[in-house]
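See below for the structure under consideration.
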Amino acid sequence: MPSQEPMLTRRPSSHNDERATEEDALLTGQRPSRQPSASRWARYREIALFAWGLIATAAVIVLAVVYQHQTSKTTPEKHGDRPTGKRNLVFMVSDGMGPTSLALTRGFNQHVNALPWDHTLGLDKLLIGNSRTRSSNSLVTDSAAGATAFSCGHKSYNGAISVTPDHSPCGSVMEAAKRAGYTTGLVVTTRITDATPACFVSHVRTRMMEDEIAEQLIGNGPLGRNVDLVLGGGRCHFLPNTTAGGCRADGRDLIQKADEHDWNYVSSREDFDNLGTSVKLPLLGLFAPTDIPFEIDRRHVDSEYPSLEEMTKTALRALKDATKDSDQGFFVMIEGSRIDHAGHNNDPAAQVHEVLAYDRAMQAVIEFLEEDDTEGLMVATSDHETGGLATARQLNVNYPEYLWYPGVLANATHSAEHTARLYFSHLSTSKSSDADLGKYLTKLIDDNLGIKNITPEEIDHLIAHPVLSPWTMSEIISKRSQTGWSTHGHSAVDVNIYSSNRHASKKLHGNHENTEVGEFLRWYLDVEDEVKEVTKELKEKLDISSGESWLGAIPSQEELAKVESHLMSPQRGFD
Ligand SMILES: *[C@@H]1O[C@H](CO)[C@@H](O)[C@H](O)[C@H]1NC(C)=O
Ligand SMILES: *[C@@H]1O[C@H](CO)[C@@H](O)[C@H](O)[C@H]1NC(C)=O
Ligand SMILES: [Zn+2]
């Protein structure tokens, strides 16, 4: 039987040092016996060598730290470049767009334009990382908490408009940029009082306070006016609810009040086109009472509403002109707002057109930056994914098919929202029998959604639950295209980050918290100090103002829960 002994006993050697003895001691469990007869000189030499090693190591560390500190100022490889001179920053948000929205849109685009299988979207070439999106009180964020992460760089609760979890206001990057001398802008396709744009220019404790958001946006808030150019929808919260297209409960007309802040107000496609090459800032362009129609519908009424791409081009030109003689450039937030709404409706046909419209707007930004002489950067991300979209769907218990059908989406000429709106207005104007209604719906679905084989069960469902019809109609398309959805709300999947300049946005390569995107914006603009000042000033104004009216009361859990269920209802497009 082989003995364990040889493994534990070190063979005597001429260099039998103490380390070896100690190692043996660890293995054998025996205390090492020191030899007092060992050379004293050898001991001293060892101590000296050890001390020298210690000093040399410390010196190397100190030198390395000093060197790194110095080079980080001069070599951009370390942290990415923060330009020192005049610069422009374009921050783009694709609200509710997750990675699957891109697979869906690529497949659709390749199908309808007969493009090769490796054809990608413009933005695919600009991918640099992705972002984790949870909020302070939920693994699934809403747009308000998502945009607060971008504007303030803080996680907050769902429903928070640039306030922290303790309900106190946090300075936004746009307010700080304005203070630092930048010219600022907001371009959206939803209501300008909706959560994403609201977070850049207002502070309220729940996103439902859209009347107050409009008030702060035009300059009646604690900090005055912080945005110079506004293009989008949402006249509703600027006009009293006693006038057409108005919904303000306090009867105030902010469009008239806007004069007090020198706003140049435009509200129609004609006004927009007439802006021409000379745009007078501040500009307030509100082209719809609430949302600008989905792109799939808007393209049929192009003479009524500008597209996101057109608004983007106008905004960039106006901001460039306004800053041509100033030391500071501009900061603009441009949002593809309604990708999210198509997701809430689970409407894949509406979604692919929204994503393509966003992609065109991004290409317009890239072209602008390439041609412009001023240093500039575009950074883009989403606040969250909406719908839990899947580009495959199992329809029966058999082994699933590996496919989905983009051709079904291609045959739809309108959104489910628009189609349902036509159905609602039909119901309100005519009393027909179920048989007549069935015929009407068969034609309606064929004309707008391009579906010729609607089933009696689907017709029955539309007749029995008209209020659910935007969802029922989307489902008719989703099923046939084998598109899957897991929710009418948001999901927790990571979302992509894009940039026009990989190098300058090096800090955002890889996987990040959404708050790091917010930190990047203030870092690039070099307004970190201004953010602190603005936060301080907001808190001071909160203390001295009686009643804290501009921030609103602390919302209860029930109120916050109600916000989400209201925003998710199938009638959300019908307010
Ligand atoms: C306008 O809002 C007020 C306050 O909420 C409400 O009492 C009134 O009924 C509304 N008017 C209309 C026309 O909706
Ligand atoms: C799209 O519509 C065309 C013309 O009606 C039809 O021939 C085709 O089958 C439809 N495609 C799908 C995928 O439903
Ligand atoms: Zn959102």
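Note that Cβ sites are derived from N, Cα and C of the backbone, with glycine treated the same way.
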TrEMBL Zn(2+) site partner of D95, D383, H384, H490, selected from D340, D446, D447: D340
From D95, S143, H490, the recorded positions whose CA lies within 10 Å of that of E335 (Mg(2+) binding site): D95
T196 (Mg(2+) binding site) and H384 (Zn(2+) binding site), Cα-Cα, nearest whole angstrom: 12
CB contacts for D194 (Mg(2+) binding site) [other CB atoms within 10 A, all chains]: 29
Binding-site residues compared (D95, E335) - highest count of Cβ atoms within 10 Å: E335
DSSP-derived structure type at S143 (active site, phosphoserine intermediate), helix or strand or else coil: helix
Non-site residues, in chain order, whose CB comes within 8 A of the mean position of the CB atoms of D95, D194, T196, E335, H344 at Mg(2+): V93, G96, S143, V188, T190, A195, S337, R338, D340, H341, D383
Distance-selected binding-site residues near ligand 3 (C-beta under 6 Å), from D194, E335, H344, H490: none
Distance check against T196 (Mg(2+) binding site) for the recorded positions D95, S143, D340, keeping those with Cα within 10 Å: D95, S143
